[in-house]
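Database features (TrEMBL):
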- 57: 1D-myo-inositol 1,3,4,6-tetrakisphosphate binding site (BINDING)
- 98, 226, 323, 327: 1D-myo-inositol 1,3,4-trisphosphate binding site (BINDING)
- 133, 183, 194, 215-226, 241: ATP binding site (BINDING)
- 306, 321: Mg(2+) 1 binding site (BINDING)
- 321, 323: Mg(2+) 2 binding site (BINDING)
- 143-354: domain 'ATP-grasp' (DOMAIN)
- 1-24: region 'Disordered' (REGION)
Ligand SMILES: O=P(O)(O)O[C@@H]1[C@@H](OP(=O)(O)O)[C@H](OP(=O)(O)O)[C@H](O)[C@H](OP(=O)(O)O)[C@H]1OP(=O)(O)O
Ligand SMILES: Nc1ncnc2c1ncn2[C@@H]1O[C@H](COP(=O)(O)OP(=O)(O)O)[C@@H](O)[C@H]1O
Ligand SMILES: [Mg+2]
Ligand SMILES: [Mg+2]
């Protein structure tokens, strides 16, 4: 078994184009107000991608290899100046963004209305859906995915909005089994929204700070899978995760324990010597179906999901987290996948325009 999972269902390769040093493009930029954009000897339309990202994201995502490959394919990344109206910039074919705040969301919503010809990746209201750990997983629960390759569920969970003193009773009433993972209800990308803890006993649950989601901890052998979605392409990687909690441990430990950002901090588990029953990637067809359905239900094209396999089973999977525009820099071959995706969007726009 190859240790790095790869599921690439549809993209046709454009290797010839990528490897050519001086591909010609038609300069259809015309009198666009592109500031620093160089004038290229062009014979094909340039795809202009405006981006509004944090400096951390720019560093991890807009790496020189991506920029170089993009340039060779006729894609140009242009930084959006947040101090100027969006409509005065570009014009863009695509807007790529991951910034928080109500004001920015409104700017993007207005821009989408006035510029329907521009693809905004992704619509702010659809992204907003992922900023709450309850609504985030709702569509996975609604999907009830059960195929001959396996089932995909979410862990049993309870939302606690306030009144920490009432949590032990609420947990009992809901029939949740310990240990529980406590996650801040809001998942807005802040450091606080990633402060998770593991609660071993009922009484200690009062120490938690609502609003939060309490989720049954599922033993999964200490390995999780990250399924990266870029449009219709998906890639799966293994990551180390929290170790199993055994019954003996559960009966002897009490308290609530904070744990660090496991999934993105953890080293890749792709090259580790792991129990094959734990390491085996989820079936490709199951993930394809899950990703396709999630794309449709969430209305998003750029996201990843954290998925675990219940230890001791072969085909019982749980989605525990969905992230908008995750760390694609950690996804193998993201440069090719992403640039192909941007081209496919531009092609779709072009076809749409020529049909009008
Ligand atoms: O920074 P990275 O590369 O670790 O990416 C983070 C993601 O890591 P991953 O790709 O899943 O390993 C990370 O995934 P997890 O929530 O840790 O599973 C988030 O997507 C994070 O964004 P935010 O803080 O929730 O807004 C992502 O952070 P941003 O880069 O979007 O700030
Ligand atoms: N229900 C669960 N059962 C077992 N492990 C979990 C569960 N929920 C979260 N984890 C572990 O905690 C990590 C962080 O949880 P996650 O929901 O992905 O939050 P974040 O958005 O901060 O990444 C996961 O990557 C996984 O290792
Ligand atoms: Mg996660
Ligand atoms: Mg997350």
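Cβ coordinates come from backbone N, Cα and C, glycine included.
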Inter-residue C-alpha distance, residue 98 (1D-myo-inositol 1,3,4-trisphosphate binding site) and residue 57 (1D-myo-inositol 1,3,4,6-tetrakisphosphate binding site) (nearest angstrom): 8
Listed binding-site residues among 57, 226, 306, 327 whose Cα sits within 10 Å of residue 133 (ATP binding site): none
Residue 57 (1D-myo-inositol 1,3,4,6-tetrakisphosphate binding site) - helix vs strand vs coil (DSSP): helix
Binding-site residues: 222, 327 - member with fewest neighbouring CB atoms within 10 Å: 327
Max CA-CA distance, Å, over listed 1D-myo-inositol 1,3,4-trisphosphate-binding residues 98, 226, 323, 327: 19
Alpha-carbon distance [residue 306 (Mg(2+) 1 binding site); residue 226 (1D-myo-inositol 1,3,4-trisphosphate binding site)] in Å: 5
Three-state secondary structure, residue 222 (ATP binding site) (per DSSP): coil
Cα distance (Å, whole number) from residue 216 (ATP binding site) to residue 321 (Mg(2+) 1 binding site): 13
Euclidean distance between Cα atoms of residue 194 (ATP binding site) and residue 327 (1D-myo-inositol 1,3,4-trisphosphate binding site), Å: 15
CB within-chain contacts under 8 A for residue 216 (ATP binding site), separation at least 6: 155, 156, 157, 176, 177, 180, 181
Surrounding CB atoms that lie within 10 Å of the CB of residue 133 (ATP binding site), all protein chains: 22
Integer Å distance between the CA atoms belonging to residue 57 (1D-myo-inositol 1,3,4,6-tetrakisphosphate binding site) and residue 323 (1D-myo-inositol 1,3,4-trisphosphate binding site): 14
Distance from residue 306 (Mg(2+) 1 binding site) back to residue 220 (ATP binding site), taken between C-alpha atoms, in Å: 12
Collapsed DSSP category at residue 216 (ATP binding site): strand
